[in-house]
Amino acid sequence: MFTFFFFASTPEDTAVVSLPTEEEEEEEEEEEEEEVETVMRKEKGERGKMRERKKKHSK
């Protein structure tokens, strides 16, 4: 992890910024992809349930 310090004329304006390393960025991307896949699966599941309900009601 790389850390940068930005100094300003007042302490309130001073900031510390940490940039993730390539490994950390890759891990975050993988986690985000997994979250997206999980959400997509849930949505598909809900759509499937709705279709089943519609079929039952239309009979």
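Note that Cβ sites are derived from N, Cα and C of the backbone, with glycine treated the same way.
Small disclaimer: the values here were computed from a predicted structure and weren't measured.
As written in TrEMBL, here are the features:
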- 17-59: region 'Disordered' (REGION)
- 21-37: compositional bias 'Acidic residues' (COMPBIAS)
- 38-49: compositional bias 'Basic and acidic residues' (COMPBIAS)
- 50-59: compositional bias 'Basic residues' (COMPBIAS)
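Residue counts for the compositional bias 'Acidic residues' (21-37) under DSSP (helix as H, G, I; strand as E, B; rest coil) come to 16 helix, 0 strand, 1 coil. DSSP labels the residues of the compositional bias 'Basic and acidic residues' (38-49) in these numbers: 12 helix, 0 strand, 0 coil.
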